[in-house]
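Per TrEMBL, the features are as follows:
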DOMAIN    10-141  domain 'PLAT'
BINDING   Gly25, Asp92  Ca(2+) binding site
SITE      Trp126  site 'Essential for stabilizing binding to COTL1'
DOMAIN    142-686  domain 'Lipoxygenase'
BINDING   His383, His388, His563, Ile686  Fe cation binding site
Amino acid sequence: MLQLFRCAMEEFQVIVHTLPAPTSGTYSILRLTLIGSEGGETPPISVNAGANQHHLLPGSACVVRVWSEVALGRVVLVRLRLEARTGFPDLDWHCRGVEVRRLCDRQEEGTGLQHQGVEHFPCSRWLRSVDGDVELRNGDMCLLNSETVQTLKDHRLKDLHTKQQHIRWRTFAEGVPHCVDMTSLKELGPNLSYTRQSPGINLQYLRGFDERAESWSSFTELETMFSHNGSQNTVAKYVQAHWAEDWFFGYQCLNGCNPLMVRQTRLLPPNLSINSDILCPFLPDGSSLEQELERGSIFLLDYEMLEGVPANVINGKQQFLAAPLVLLHLNQEEELKPIAIQLQQAPGPQNPVFLPSDPGPDWLLAKTWVRCSDFQCHQLSSHFLRTHLLGEVCCTATLRQLPEVHPLHQLLMPHIKTTLQINIQARASLLAANGVFDKAIGCGLEALPVLLSRATERLRYRSLCVPDDLADRGIHTLKHCYYAHDALRVWTALHRFVSGWVDVYYLGNQDVEQDSELQSWITEIYTHGFLQLPHSGCPQSFQTKPELSQFVTMVIYCCSALHAAVNFSQVDFDLWMPNCPASMTHPPPQTKGMLTEDEILSILPDVNSTCNLLITLFLLSQPAADYVPLCQYREPVFSSGAPRRLVEKVQAELRAISDEITDRNKKLELPYDYMSPDRIENSVAI
C-alpha cells in the first residue's frame with residue numbers, strides 16, 4: 001500500500017556533492033527542498049540527520065529520496081539551508097552541486113520506478129548557516145528575455161535584490177571611482193575572498209633598516225644593498241648598468257613599468273619654453289624641429305596632473321614633487337631619446353629647460369626627476385586606477401546587476417572577482433596611515449585623493465581600449481615598443497574570444513538593446529566608475545554587439561594583461577632605486593652647473609623608505625605560486641559546449657603568442673615578457 005501511495009506521487013533521487021578539498025565538509029545539518037516549474041515545492045528534508053545518516057565530508061556524495069504530493073513539473077530550483085548542529089562547531093560547507101533524477105511520476109502510476117533525465121544544479125560555493133535559504137538553478141546560462149518559466153524569472157529578480165542589499169556602493173574619495181561598501185574580509189564572505197599562495201620571497205636583506213632615516217652615504221653603499229637583493233634578477237642588473245643612458249630612458253617610456261604616458265606630438269606644448277634653434281644640435285643633420293614634428297618623430301611626456309599636488313613628509317622631512325614636460329626624439333636607429341626636460345609646467349627663469357648638452361649631473365638629475373614623477377602617475381593612475389579600481393567597479397556592478405545565470409556574469413567574474421579583496425586590503429594597509437604611501441612615497445595620503453581625482457577626470461574610455469590607445473598615442477608602429485606589439489596581439493585574441501561568446505548568447509543587436517540587466521550594468525559602471533562624466537567616452541548604454549564586445553574585452557584586458565604589464569615589472573625596474581625614486585627630498589633645481597653626481601644621492605629617498613618600499617614592491621610584484629594564467633578557467637560553465645570550444649580556441653591563440661614572444665626575446669639583449677600570456681594572471685590578484 002505504501003509503495004502504491006509513493007508511486008502515486010513524484011519521486012526523485014537527489015545526490016548532494018561536497019567539494020573534495022580537505023576543509024570543505026561541515027557538521028551542520030543540511031535541509032533540501034525541490035521547487036518545480038509549476039510553482040509547487042517539496043517539504044524540506046534533512047540530508048544528513050534523522051533517517052538520513054549521511055555525513056557532509058570532503059568529496060562525499062549523499063544520496064537521498066524525495067517525494068512530492070503535488071505536481072512539480074520540471075524541477076527548476078533546489079533550495080538548500082544549512083543549520084548549525086547542537087554541540088558542534090558551525091562550520092561553512094563547500095557544496096559542489098546537486099543532481100536530481102526523477103524516478104516515478106503520477107502519469108506513470110503503477111509502472112514501477114522509471115529513470116528519467118538528470119538535472120544538474122552546480123554550486124561551487126561556500127554555504128553558511130547565516131545565509132539562510134540558498135537556491136540553485138541548473139547551469140544553463142541565458143538572458144532574461146529567454147526565460148520561459150515564471151519561477152525562474154522571479155528567482156532571478158530575488159537573487160539580484162539580495163545581492164544589492166549586501167553589496168553596496170560607497171565613496172572612497174571625491175572625484176574617484178566608487179568602491180564596495182566593505183572594510184573587512186569578513187564582510188566580503190568566503191565566496192568573494194581567496195587565499196593566495198605566496199611564491200616564497202626572500203626579504204631578509206631588505207629588513208633591519210628602519211632606524212636609518214638618512215640618505216645613502218654613497219653609491220657604493222646603495223650597490224651593496226642592491227647586490228644582496230638583485231643578484232638573481234637579470235633585468236634589474238641591466239637597469240643598474242644602463243639607467244643613466246638616454247636611450248634607456250626612452251626605452252622605459254615604451255617598455256617599462258608605465259608604458260601608458262608617452263605619446264607622439266605634432267605641436268609643441270605652449271608652456272614648454274623651447275625653440276627650434278636650441279634643439280637643432282640633438283636632431284639629424286639638415287633637419288629642424290618643425291620637420292621632425294611633421295615627420296612624427298617627436299614624442300611627449302606631460303605630467304601636468306602633478307602640478308600643485310601637495311608633497312608628503314617622510315622621516316619628518318618635507319618631500320617635493322615636479323610636473324615635468326619632456327620632449328623625446330625617435331632617431332634613425334629607432335631609439336627614443338630625451339632632448340628637452342622642463343621640470344615644472346609654468347615657464348620662467350627659475351624653471352630652466354634641461355638639455356643633453358648640459359653638465360652631466362644636471363642632465364642626470366633632470367631625468368631622475370622625471371622618473372620620480374612617472375612613479376607617482378604609474379602607481380595611482382596606470383596601476384591602481386586603471387586596473388584595481390576599474391576592476392572593482394565592474395565586479396561590484398556585475399554582482400549587483402547581472403545574476404549568476406547571465407552569460408556575462410560567468411564570463412567576467414573569473415577576471416574581476418579578486419579585485420574586491422585586494423582593494424579592501426589595500427585601503428586598510430597600503431593606502432592608510434603608516435602604510436607605504438604614508439611612509440615612503442612622494443604623493444602621500446594628502447595627495448592621494450587629489451591625484452586620483454585628477455587621473456579620473458582625465459580618464460578616457462578610448463585610452464582603455466588597446467587599438468585606440470596605441471593609435472592615438474602614435475606608438476603602434478614603433479619597432480622597439482614591445483609593449484604595444486604584445487598588447488595588440490593579446491587584445492586581438494581576447495576580443496575574438498569575447499565576440500564569439502557574445503555571438504552565442506545575443507543573436508542580434510536587438511537582443512543587446514533589450515537586455516535590461518545588461519543596460520542596468522553599464523549604467524551602474526558609467527555612474528559609479530566614470531562618475532557620469534560625458535567626456536570620458538564611456539558608454540551609457542549598449543546598442544550593438546560590437547559595442548558590447550569591445551567593452552567586455554576592455555574589462556578583461558585591464559584586469560589581466562594590463563595589470564601584468566604595470567605590476568609585475570615593478571621590482572625589475574625599481575630595485576635600482578635611482579632609476580625610479582619614489583620621492584625627492586629637495587625641490588626641483590632652478591639653476592644649472594651647481595651639482596656633482598655624488599650630491600644626487602642626498603636628493604633621493606632615505607635608506608629606510610627605500611627598503612620599506614622595496615619590501616612592498618617585492619610582495620606585490622610576484623605572481624602567486626598557484627596563479628591561474630590568462631583564459632585558463634576552473635569554473636564548470638567553461639567545460640562543455642560552445643563555451644568550451646571558445647576557450648580552447650583562445651587558449652591556442654594565446655599559446656601561439658607566448659611562443660612568438662619567447663622566440664623574439666631570444667634575439668633581444670633585454671627580453672620583454674610581461675605581456676606573454678603564460679605569465680599573465682587571469683585577474684588582479686595582488
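Positions of Cβ are set from backbone N, Cα and C atoms, glycine also.
Predicted automatically and left uncurated, TrEMBL annotations should be read as such.
Feature map: annotations from TrEMBL on the structure.
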residue: Gly25; record: Ca(2+) binding site; Cβ contacts under 8 Å, 6 or more apart: Thr18, His55, Leu56, Leu57, Pro58, Ser60, Leu91, Trp93
residue: Asp92; record: Ca(2+) binding site; Cβ contacts under 8 Å, 6 or more apart: Thr26, Trp126, Leu127, Arg128, Pro190
residue: His383; record: Fe cation binding site; Cβ contacts under 8 Å, 6 or more apart: His563, Val566, Asn567
residue: His388; record: Fe cation binding site; Cβ contacts under 8 Å, 6 or more apart: Thr419, Ile422, Asn423, Ala426, His563, Val684
residue: Ile686; record: Fe cation binding site; Cβ contacts under 8 Å, 6 or more apart: Arg196, Ile422, Asn567, Leu619, Leu620, Gln622, Pro623, Ala624
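Those residues of the chain, other than His383, His388, His563, Ile686, with a C-beta within 8 angstroms of the mean position of the Fe cation site C-beta atoms are Phe384, Thr387, Ile422, Val566, Asn567, Leu620, Val684. With all protein chains in the displayed structure included, the most crowded Cβ environment within 10 Å among the recorded positions Trp126, His563 is that of His563. Looking only at the domain 'PLAT' (10-141), the predicted model's pLDDT averages out at 89. When the domain 'PLAT' (10-141) is classified with DSSP, helix, strand and coil residues number 6 helix, 66 strand, 60 coil.
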